[in-house]
Structure formats: C-alpha cells, structure tokens
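What TrEMBL records for this protein:
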type	residues	note
DOMAIN	12-202	domain 'Cation efflux protein transmembrane'
DOMAIN	212-286	domain 'Cation efflux protein cytoplasmic'
TRANSMEM	12-30	transmembrane segment
TRANSMEM	42-62	transmembrane segment
TRANSMEM	74-94	transmembrane segment
TRANSMEM	114-131	transmembrane segment
TRANSMEM	152-172	transmembrane segment
TRANSMEM	178-195	transmembrane segment
Amino acid sequence: MNDRLIATQRVTLIVGIILLGIKFIAYFLTHSNTILTDALESIVNVVAGAFGLFSLYVAALPKDENHPYGHGKIEFVSAAVEGVLILIAGLLIVIKSLYNLQYPVPVHDVDTGIWITAVAGLINYLLGVYVEKQGKLAASMVLVASGEHLKSDGYSTLGMIIGLGVILITNWLWLDSIVAIVFGFIIIRAGISVIKSSMAGIMDEVDYPLVKEIVVILNQNRHPECIDVHNLRVIKYGTALHVDCHITIPWYFDTRQAHDEVDRLEDLLAANTEKPIEFFVHVDPCIPESCTICNKQDCAVRQFEQQQTVEWTVENIMLNQKHFMETQQ
C-alpha cells in the first residue's frame, strides 16, 4: 500500500511542476494578477507535494527503538506545512492585488491566458479527484490534503476564467485585481481548513465517525464471553490505527481463556478494518453488578438474572467505567 501512495504522490509532484511552468508562461504573456494567483498557488502545490512525498517515505519506515509507534505522525506534520503554505500564498495574492488596485498594471493577451489557465485547471481538478479518492481509501492525510488542495485549485481556476472572460468583454482591468482578491480569500480559507484537520491528527482529536464504525462492528458481533467494552481510545498514526480499550470477561477465566478472548476481539476488528491496526487491551474481571447485562447463559456463578443488553454507543464506550444497568448512557 505504501508503494502505491508514494507513486501517487510522485505523479502529483511531477504534474505540479509541469503545470507550474505552464501557468507562469501564461502570467508573463498576460501580466494578469488573476493568472498570477493561479501560478503562486502552483508553487505551493509543488513545495507541498515535495514535502508530502518525503513524509510518505518517512511514514513507510518500520517501527524502531526510538519510534515504537512508527513514523505515521509525519503525515499530519506534512499536511500542516501544506496548510501554512496555502495560507501564505493566499495572503500574498491579496496583498499584491490590493497594491495593483492602487497601481494597476496593463493586462494583455487575455484570451490566450484563458485557454492556458483552463487546460491547467482541468488537469488539476481531475488529478485532485483521483488523489483524494486514493487518500481516503488508504486513510492518508497527505494524499487527502493534496487532493483537496488540487480540487480547490481547479474550482479557483474556473472562477478566474469567468473573471478573465468578463475582463476580455468589458475591458474593466481593475476587475482583474478584484477577482484575484476574492480567490485569495478562498485560498486562505482552504489553508485554514487543512491546518485544522492536520492539527486534529497531531493532537489526537477524537475521530467520531471512526469510533462509530468500530462501535457498529462490536455491536453486530457480540460474544457472550466479552461482557462489556469500555474506555475505548483510537489514535491515528498516518494510515495505521492504534486502539486501546478495556474488556470485561468472567472473573473465573484463566490466563489462556482471557488471552483467547482478547485475540478474538483483535481479529474481529482487524478483519473489518482496511487500515493496519494495533491493539492494547486491558482485561477486567466481572463483578456481581455485571450479571444484569451479561449475555453468557451457561455461567455457573451468576448472582443476578440478565435484565438487559447494553447497546454500546460512541458516548458510553469511551467512558472509563464498566457498564451496569443503572450507568448505561
């Protein structure tokens, strides 16, 4: 999988370099701030693509003594760098365009610029759709960020083409800077979004959709010997997942039986998750209060009848306490 991700990012970088050259040719032909906006964003694409490629190489390195959880976090750092670069590009575009509103620069060969920009924008968008899809399939923050950036570049290009078309028809040269300012702020917003997503990964923010996916798997594949699951934590390391949780099992199980139950849980989640996954499972013995939610019918030491089955949810499975009938959330 890592080889495919690296190959995808390598293609993204090569295409980005080619499009960068094409867009600057269009700018020098037209001297349009709108086209310069597109060209500056392509510089960000290339720099971010290069760092993203490096981060994928690092993330693919095996675990070692200094990095027992692997190197996957570098992907979030890479995405954060890309977000900052996008933000800086947007700010530079706004600043230059505001300057040129006061001190305008003649624009020419707009029709040629439109065609060149349109071709480059279409390539960017199609590549972005593909890269984002591959990133989501592999849970790679680097590729998802690259894909979203390329798609936003494509959307921006469409708006820029419309603006250039209006300039070509009306000869309102000041509109060139206005269009550039508008899309400069759109680019700034995209940069902030990428930064927020990457910081969520770096800070181990809860991924609620992912936790919900795990909860559904556990609810649909209950095992009588696993009385309860609680204190569930999921941490993302690039494309890999690390899962911590506590399970409650019958107090009279020996070490081998407890180990078998842990293995069963790990095999269940691994079989239903496309991402590489690592587990740290803490085993708790049941207590009399557990009988009211226990599905194990052949228990010889049961003290209370089962009264209900706890439906695990995103909210209650993350609590650091065993579930009993009166504490179900």
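One-based numbering along the chain as shown.
Any Cβ shown, glycine's included, is placed from N, Cα and C.
Keep in mind that this is a model prediction, so the values were computed, not measured.
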Sequence-remote partners of the transmembrane segment (74-94) [C-beta within less than 8 Å, at least six residues beyond its ends]: 33, 36-37, 40-41, 43-44, 47-48, 51-52, 54-56, 58-59, 140-142, 144-146, 149, 180-181, 183-199, 201-202, 238-239
Local confidence of the prediction over the domain 'Cation efflux protein cytoplasmic' (212-286), expressed as mean pLDDT: 90
